[in-house]
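Trainee: Got a structure here, written out as structure tokens. Questions coming.
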Ligand SMILES: C=C(O[C@H]1C=CC=C(C(=O)O)[C@@H]1O)C(=O)O
Ligand SMILES: [Mg+2]
């Protein structure tokens, strides 16, 4: 039985799913032992403080807090998701290859231990036997709307690429919300399982805090993975489509590698990440030349980056330094984010946020792009594109479409 089907069969919330990109591990978590939601603006220092307090309560090395941080913590947020939301799950099923481990968390901070033991037992007794996920149905689309629409998108791209603006702000990653109105029920876990089938080399995760809303993502992009003091991150930016045959595919990949606009898009991310990590690290190394990262409908430029962190550097300093990277925000960070905040015309919420987990020895976060927010009667899809000098509005609009191609091909007849 796939772990994701087990998760979808359980009657409790939150339901959380996490699968790393190149780790063999998969996690399904249900219920919460502790829940930390930040509805008001919260910076990394406040998050760090809350985390240190939690960490001081237990010496258990296995404890993980799963959750996410919104793209922009200074604007409105989605209800339930907040500006940041982390959960110490009640139960976790962790699979590593053929090994399964069931983790049960008890919160004995305020509760009587006997009461908390009862709560945990109850959660175990409530576990339902899993049933297979039903095969995906194509949705009947009532309508589709895009925000910004094509006309507004063109204006925005022209504003960013205007000589005067781009001199000060060389990159802004503009994005679009595509809303699909439907009148049937879509199972987010079924959708995520199908998405996972198409892009095995991506992260897959989902957060469902209540029955009516789920945020799922099948993203290729790692924000960072930390093992003790070793840090892995990357510059993933620059995009083209896949070819219809091997020859065409290789030609497109070569064109992507040779293209100056796409190279620039990627270089800016690489340079920024290296600069941001340097004060926190004893060593930072990044690929000189990019490689091509292939997904089912598109291919990206990719540079791997590795750092040896200085002693005492914590996850929140890493988050602060990296998030949002110029692969989803822009450069300089503040001016790009201001532009997005003022002009994009919708709330990104957790789209392009950072989702993953904290643990004492190893933490991992993905960048929540290629994502969807599933609500009753509506599927919200998100796509962004890095606007730099040389960007053309129509080509970038097309890039947004290409980024939605996989999920749209699962949802609708194409
Ligand atoms: C912001 C997104 O993609 C980023 C990641 C890879 C390539 C990108 C690009 O070529 O523009 C974007 O920077 C998205 O998919 O929503
Ligand atoms: Mg691009």
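Just so you know, glycine gets a Cβ as well, placed from its N, Cα and C.
In TrEMBL, annotation is done automatically, which means it is predicted and not curated.
If you look up TrEMBL, you'll see 171 marked as active site, proton acceptor. Among the features that TrEMBL reports, active site, proton donor is placed at 221. Sequence annotations record features per position, and here TrEMBL assigns Mg(2+) binding site to 265, 399. TrEMBL lists 150-403 with the feature domain 'Chorismate-utilising enzyme C-terminal'.
Let's see these features in context: how buried, what's close, how far.
Mentor: Sequence-distant contacts of residue 171 (active site, proton acceptor), defined as residues of its own chain at least six apart whose C-beta falls under 8 angstroms from its C-beta, comprise 265, 268, 326, 330, 331, 336, 386, 387, 388.
For residue 221 (active site, proton donor), the count of additional Cβ atoms within 10 Å of its Cβ stands at 26 [all protein chains shown].
Listed in sequence order, the residues of the same chain lying 6 or more apart from residue 399 (Mg(2+) binding site) and placing their CB within less than 8 Å of its CB are 239, 385.
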Trainee: Taking every residue in the domain 'Chorismate-utilising enzyme C-terminal' (150-403), what is their average pLDDT?
Mentor: 97
